[in-house]
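Student: One structure is given below, represented as C-alpha cells, and several questions about it will come after.
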C-alpha cells in the first residue's frame with residue numbers, strides 16, 4: 001500500500017487539525033500513514049526566528065487563530081484557543097517515537113494535541129505527559145525509554161530527515177520526495193500517493 | 001448580492017492562480033467579486049523583509065514553486081515559472097484602478113498576470129503595460145490617468161485599506177471584516193459570503 005509520511009510538531013495548531021483528520025483521510029484513500037513527529041524549533045532558529053512566526057508577525061497570527069477556529073468548526077473538531085503558543089513539544093515528541101515502535105503513536109499524539117489545543121494544558125510539563133501516558137494505560141517506563149540517549153538522538157535524526165526533505169513548517173506530508181506543506185494540502189498529498197498530478 | 005473583496009498583488013504567484021479562477025467561483029456561488037489590487041511591498045518592508053519571503057526562505061520558496069506547478073496542473077491553468085520574482089506591480093496596479101472605474105479591471109489584471117506567469121515578461125516595464133493596454137483595445141490615455149497624482153494616492157489608500165483589514169499576504173479575500181488568506185481559502189471566502197461558518 002502507498003504511504004504518506006505525516007510530519008508534525010506538537011506546538012503547531014495546524015498539526016493538531018491534521019492529526020484529528022489524517023487517519024480518516026488515509027482510510028478513504030486506501031493509503032497508509034506514518035506518523036513522524038519532529039521539532040520546528042531548530043528549523044525556525046536556523047532562519048533567525050526566535051519564536052513562532054504567528055507571534056513574530058501579529059497580523060499573520062491574528063488570521064491564523066481565526067482560520068483555525070473556522071476550520072475546526074467546518075470539520076467538527078474540538079478547539080479551544082490555548083493561553084500560550086508555542087508550547088514545548090520536546091518530551092512529547094520523544095515519547096511519541098517510543099510509541100512508533102509500540103503501536104500507540106497515533107493515540108498518544110492525539111491525546112497530546114488535545115491537551116494543548118482543547119484542554120489548555122502545558123504539554124511541556126512532564127506531569128502532563130506522565131498523566132497522558134497513564135490515562136492511555138501505558139507503563140511509566142515509557143518515560144525512561146523516551147529520555148534514553150539513543151531515543152533523543154533518534155528525534156534529532158528525524159528532524160534532520162525532515163529538513164533533508166525540504167520541510168520548513170508543520171504539518172507537512174511527503175510521498176517519497178514529494179513535499180506538501182500545510183493541513184490544507186493533506187488530501188492532495190494522499191491523492192498524490194495513488195495518482196500523482198491529480 | 002453578497003460581495004467578496006479580492007485583494008491581489010501582481011507579483012504574487014498565488015494571486016495569479018486566484019485571478020484565473022475567481023470569476024468562475026463567484027458565478028457558481030452567486031456572489032459578486034470586487035477586484036482590489038494592492039501592494040505587498042510596503043507590508044513586507046514594515047515586517048523587515050527586503051524581498052519576497054519565497055526568496056528570503058529558500059525551502060519555503062522551493063516548495064512554493066512546486067506547489068504552484070501542481071495547483072496549476074490540477075486546475076488546468078497555464079503556467080511557466082518566471083525568470084524573476086517578485087516583479088514590480090506598481091504601474092500595473094495603478095492602471096488596474098483606472099480599469100476598476102471603466103469596467104475592464106478583470107480583463108486587464110488577468111492579462112498582466114499572464115504576462116508575468118505565462119509569458120515571462122517584465123510587468124514592471126512600462127512598454128509591457130502599454131502593450132497590454134493596446135492589445136485590450138484601450139486608449140493610451142489610460143497610462144496618463146494611471147500616473148495622475150490622485151490615482152497614485154488612491155493606490156496608497158487601497159493598500160492602507162488592506163492593511164486596516166489585517167491583510168498581510170496575497171491573495172486575500174474579505175467579506176465585510178472577515179479575512180481569508182490564500183488562494184486555497186478562496187472557495188471558503190465565497191461560501192462565507194452566503195453562509196458563514198459553513
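Cβ atoms here come from the backbone N, Cα and C positions, even for glycine.
TrEMBL lists these features:
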ACT_SITE  B:12  active site, nucleophile
DOMAIN    B:3-188  domain 'DSBA-like thioredoxin'
Student: List the residues of the same chain that sit at least 6 positions away from the residue listed as 'active site, nucleophile' in sequence and have their Cβ under 8 Å from its Cβ, in sequence order, or write 'none'.
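Tutor: Long-range Cβ contacts: B:40, B:86, B:170, B:171.
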Student: Across the domain 'DSBA-like thioredoxin' (B:3-188), what does the mean pLDDT come to, as a whole number?
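Tutor: Taking every residue of the domain 'DSBA-like thioredoxin' (B:3-188) together, the mean pLDDT is 97.
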